[in-house]
Amino acid sequence: MTMLNAAPAGALKGDARVPGDKSISHRALMLGGLALGETTVTGLLEGEDVMATAAAMRELGAIVERQADGSWRILGRGVGSLREPSSVLDLGNSGTSARLLSGILASHPLTAVVTGDASLCKRPMGRVIEPLRAMGGEFQTREGGRLPMTVIGSDALIPVEYTLPVPSAQVKSAILFAGLNTAGNTSVIETTPTRDHSERMLRAFGAELTVEPGDNGTRITLVGQAELKGCSVAVPADPSSAAFPLVAALLLPGSEVRLPNVGMNPQRIGLIEVLREMGGDITIENLRDAAGEPVADLLVRASKLQGICVPAERAASMIDEYPILAVAAAAAEGRTEMQGLGELRVKESDRLAVMARGLEACGVTTEEGEDWLTVVGTGGSVTGGALIEAELDHRIAMSFLVLGSISEKGVRIDDGSPIDTSFPGFVDLMNNLGARITTGAP
Ligand code: S3P
């Protein structure tokens, strides 16, 4: 446990070089391990979640190495040729590792045992197990589809056409990854678009994949028994991590912060759109393509924000950003209503409940429903002064450290160690910009 204290800060200034995108990093390691030949990854996120995927891919027989120049080299085994792991795959806090690897494990003739930390062992795996069972994969889980679980895979799965019951890029990706070693065409239909990093990267590795809009949603079809070829992946800075210095810069008067090379995938930039609609001064510069993903440099200047209604349709494009949006809303003028947040209850923590409780403890009025949250903005300063339990949730920890930075009395969090799952170096990066985050009690 590492207690952290965020004291009230002044203006933030400078460049914020945010680590690599977590979603893209996981996928690069997995597809690199499934490809034939060499894959080189630059900008890989070296956070604990991604390192859990790297360790799992090594257990499955791929060579995964960090090079002297900081890039990563992967020598894959080929689709269908992963070997049975000799020990339990412990995926720590990482839901993306657990869900995406389920598809890979189920489609190889091996038996694997998968577990994780206390947070991951509470999260539902049924959403990937159900379609993977329909394909012929076998799973034994704890009650309620929870980890630890045993996967008994096969190389003779049956392709499915599966309509996603919840908008989830993890479920979509698990099915597509299982489809790689399955004869025939595997299709996923999504009624709400979710991040398409898997689709983009599968194509870059040489898979045949089509995306067709239809009346009942978008149909993504992968041609099975694919041969993936190693390639180069350039991982952009993670927009979900950029969100923390970005919101802090908007809220602290006099701030001006530049965030270079941030991923601008259309399904990831809902927060930027909402903050601009709230009055946030965010300039998008040098929009360009980096190995199949759009990236840009962001220039953020302190702004007065207005409360807003964020409809459910926006949720998938900013699903990980609601905790930090709630912090922005706390300092905005007027009410911010966020709808369609049911999925927040099954993230690393119940983010809806934890945010509502923590904001109240810091003197902010909230209203909470089953799948919505309203934050009554103060139009300026927030009291703070609370000790927040981060509940093994990196994004809760970082959100409340930003809240402490903009507050009158500061905020403490009981445990900042989960921040390393997605944003190693967060405290130093924020302090270099001008924040005052320290270890221990103030
Ligand atoms: C992710 C998808 C999202 C997101 C998670 C990463 C991914 O989860 O919350 O942090 O990499 O596919 P869901 O698919 O459960 O929405």
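Yeah, the Cβs are placed from backbone N, Cα and C, and that goes for glycine too.
Annotation source TrEMBL lists domain 'Enolpyruvate transferase' at 9-428. The 3-phosphoshikimate binding site feature in TrEMBL is assigned to K22, S23, R27, S168, Q170, D320, K347. Feature annotation from TrEMBL assigns phosphoenolpyruvate binding site to K22, G95, R123, Q170, R351, R395. Marked as active site, proton acceptor by TrEMBL: D320.
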Site with most surrounding Cβ atoms, counting all protein chains shown within 10 Å, from the binding-site residues R27, R123, K347, R351, R395:
R395
Is any of S23, R27, D320 (binding-site residues) within Cβ reach of ligand 1, i.e. under 6 A, and which?
S23, D320
Cβ neighbours of S168 (3-phosphoshikimate binding site) where a neighbour is any other Cβ within 10 Å:
21
What does the structure give for the C-alpha distance between K347 (3-phosphoshikimate binding site) and R123 (phosphoenolpyruvate binding site)? Integer Å is fine.
7
Please report the three-state DSSP label of G95 (phosphoenolpyruvate binding site).
helix
Counting Cβ atoms within 10 Å of each candidate's own Cβ, which of the binding-site residues S23, Q170 comes out highest?
S23
Would you report the average pLDDT that the model assigns to the domain 'Enolpyruvate transferase' (9-428)?
98
Based on the record's binding annotation for phosphoenolpyruvate (K22, G95, R123, Q170, R351, R395), what whole-number value in Å is the widest Cα to Cα distance?
19
10 Å Cβ neighbour count around K22 (3-phosphoshikimate binding site)?
24
For G95 (phosphoenolpyruvate binding site), what residues in its own chain, 6 or more apart in sequence, show a Cβ-Cβ distance under 8 Å?
L120, R123, Q170, K347, E348
Just to verify a number: CA distance, R351 (phosphoenolpyruvate binding site) to S168 (3-phosphoshikimate binding site), in angstrom, no decimals.
17
